[in-house]
Structures are given as structure tokens and as C-alpha cells.
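One structure is given below, encoded as C-alpha cells.
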Amino acid sequence: MTNLRKTHPLMKIINSSFIDLPAPSNISSWWNFGSLLGICLIIQILTGLFLAMHYTSDTMTAFSSVTHICRDVNYGWLIRYLHANGASMFFICLFLHVGRGLYYGSYMYLETWNIGVLLLFAVMATAFMGYVLPWGQMSFWGATVITNLLSAIPYIGSDLVEWIWGGFSVDKATLTRFFAFHFILPFIIAALAGVHLLFLHETGSNNPSGLCSDADKIPFHPYYTIKDILGVLLLILVLTSLVLFSPDLLGDPDNYTLANPLNTPPHIKPEWYFLFAYAILRSIPNKLGGVLALVLSILVLAVVPFLHTSKQRSMMFRPFSQCLFWILVADLLTLTWIGGQPVEHPFIIIGQLASILYFLLILVIMPITSLFENNLLKW
């Protein structure tokens, strides 16, 4: 009798994706983040579902409903902080996953990479709208400032902003629609993640060497299932430690104050995972220019495959490109730090220099260095 997992219409899909999938024998722990992102998404959808059961998307009661969840609902505080810090873990895994893709040349799988960029935008949009829902000071002013950026779009800008707000300011209509979108988007993200995997399994995984691994494949189960379980346990350890010991470490104290349209917080800033893009936005004095730079800071990832000039796929054997990659990482950390600082000297000039370096590295310096490395090998 043939094995059921190989014949059953549903089970054979799972089998070919997670059990009998031929995987390269040398993929490192940097390849764990895909499964970790899947776990993060599941955690976010489940905790979000339970939060939505008690949350009310009305400006009068949103803040108190979140307080009610934390005080009166059984383990409501745990669900709320798992959801809030789960978002941070999600973004940590996302950034490491994208960084892995850049380092090892995984972006050469064009369809997979482009769906990934789309996923990044979708997750960022979801996180932004989720941050507005508790209706604290930073929720309200963050929503006001970020949505207002769309008014920089010529001709249709101001109409577009009022259309998104559902009125002349961020109010009840805005909160209700943000809740609706925040609820539906994770399911769209899950569907996109399925497409992401579909395209990945068309080509098979890349590996650290960047070389073709067709001659040396091993089954996904048990080797990488066990490896992924270790990653998941470590993720849960970090997440639960964060939630149970310092749940507010990554949050903003201003969000414990009810939203007040008449009182602007001294420093409006988004969650830590948006600070690098926020720093790029602020580094340009022109409003439209800042918005374009903000979008391009993520969209530039879609251009990376077309700027690949090296004859080797991975950076494993390219020391100069490796140095530039780690300079890029340091630059992004600098931008993240700058995004959380007030707009004053010397932070303004540091932010501007870091923003210029960010785009220069990706668009100019790294492709030229790759050409230089080709010549170095006399290829």
C-alpha cells in the first residue's frame, strides 16, 4: 500500500512542502527565519483574534477597552503583551530574513524576492494600523503625522488624506477603518506567504555558498524540522522573557496617556522597527522628497536583483562586499538610533549622512565593488 501522505490530495501538498522536500545539505541557521516568521504570523493572528473579541473600535471606548483587556479579562495582559511584543519579534525575524537574502544572493529568485518585498510592505502597513488601535497619545499623533504625509502627493494629496481619515481629522471613522484593515491584512499576508513558498519551491532553496546544490540534497524532515523546532523554542524563550519581565521595554510611555488632539507630544516617533525609515523621511527638508525617500527606502530592495554585477551569487567568497554589507547594517542601526532622537544638531546631519550612505551603498558602491571583485579574480 502506498503511503497516505504521498497519495492524499491535501497531505501530498504538505508532504512535498515540509516532509519530502529536497533541501540543500549545507543551509545554516540563517535559513531558520522563514519558519520563525510563519510562527510569528500564527502567534499574531491567534492573539489578535482574542484581543478583537474584547476590543471596541470607537474613540470613546478604545483606550478603556484595552485597559479592560489588561485588568479584567483572564490572561488579557498576557495576550495583549504577546501581541505587542510579538510584532517586535516579527520585525526582528523579518530584518534578519531580508539581511540573509541580501548577503547570500537569495534575491536572484526574482518572483520569491518580489513577493517578499510586497510582504514587507503589507506587514509594515498592518503594524502601523495596529499601533493606532489602543488610541493613546502616540497612536493618535503617529496616525495624524504619517497619514498626513500623503498630502504631499501633487493635486490629489489633500483629498486622499481626507478620504483615508473619513473626515477632516483622525477620528472615529479613521479608527474603525484601521481596525477593519488591521484585522483583514494578516490573512492576506498569510496568503501571500503561501505564494512566497510556492515560488520558492519552484526553484528550491539557495544555500550559503550560492552554488547549485542539486547534486547534494537531503529530505526536509527530519533534518530541518528538528532544526526549525530549535529555532522556534529559542524564539518563544525570547518572546516570553520579554513579555513576562519587561513588556513595555520596546513601547512608548506616551501611549499610556489617552489620545488628546489638543496636546501634541514633544517627540512624535513610531515604534522602533520603523525608526530607520522615519529617520530617512526626516532627513529631507522637503515634504514630497521625504515621502519618496521613505517609500524608496523599502522599494530599493526590489531593484537589488538588477544591480547584481558579481559573477558569484553569494557574498561568502567576496570579502570586500562583506565589509560593505556590514557597513550597511551599521548604517541602518545608526538610522534607527537617529529616528528616535529629537530634530536638533548633531542628529540632523548624522541622519542626512546616514540616509545618503544607505542609498549610495545599495545603488552605487556595492555593484561597483562587485565588478572590482570580478576583475580581482581575473574572470
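First residue shown is number 1, and so on along the chain.
Glycine is treated like the rest: Cβ placed from N, Cα and C.
Feature list (source: Swiss-Prot):
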- His83, His182: heme b b562 binding site (BINDING)
- His97, His196: heme b b566 binding site (BINDING)
- His201: ubiquinone binding site (BINDING)
- 33-53: transmembrane segment (TRANSMEM)
- 77-98: transmembrane segment (TRANSMEM)
- 113-133: transmembrane segment (TRANSMEM)
- 178-198: transmembrane segment (TRANSMEM)
- 226-246: transmembrane segment (TRANSMEM)
- 288-308: transmembrane segment (TRANSMEM)
- 320-340: transmembrane segment (TRANSMEM)
- 347-367: transmembrane segment (TRANSMEM)
Original post:
Would the transmembrane segment (288-308) count as touching the transmembrane segment (113-133), i.e. at least 3 C-beta pairs under 8 angstroms with sequence separation of 6+?
Top reply: yes
Original post:
Out of His83, His97, His182, His196, His201, which of the binding-site residues is least crowded by other Cβ atoms within 10 Å?
Top reply: His201
**OP:** Please indicate, using numbers and ranges, the residues of the same chain that are 6 or more beyond the transmembrane segment (347-367) and have a C-beta under 8 Å from a C-beta there.
**Re:** 279-280, 282-284, 293, 296-297, 300, 303-304, 307-309, 321, 324-325, 327-328, 331-332, 334-335, 338-339, 341
**OP:** May I ask for the distance between His97 (heme b b566 binding site) and His201 (ubiquinone binding site), taken between their Cα atoms and rounded to an integer number of Å?
**Re:** 17
Original post:
Any residues 6+ beyond the ends of the transmembrane segment (226-246) with a Cβ under 8 Å from its own?
Top reply: 29, 32-33, 35-36, 39-40, 43, 78, 81-82, 85-86, 88-89, 93
Original post:
At an 8 Å Cβ cut-off, counting only pairs 6 or more apart in sequence, do the transmembrane segment (33-53) and the transmembrane segment (178-198) clear the bar of 3 or more pairs?
Top reply: yes
Subject >> Long-range environment of the transmembrane segment (77-98) - Cβ separation under 8 angstroms, sequence gap at least 6 >> reply: 30, 33-34, 36-37, 40-41, 43-44, 47-48, 50-51, 66, 69-71, 116, 120, 123, 127, 130, 235, 238-239, 242-243, 247, 250-251, 271-273, 301
Original post:
Hey, how far is His201 (ubiquinone binding site) from His182 (heme b b562 binding site), Cα to Cα, in Å?
Top reply: 29
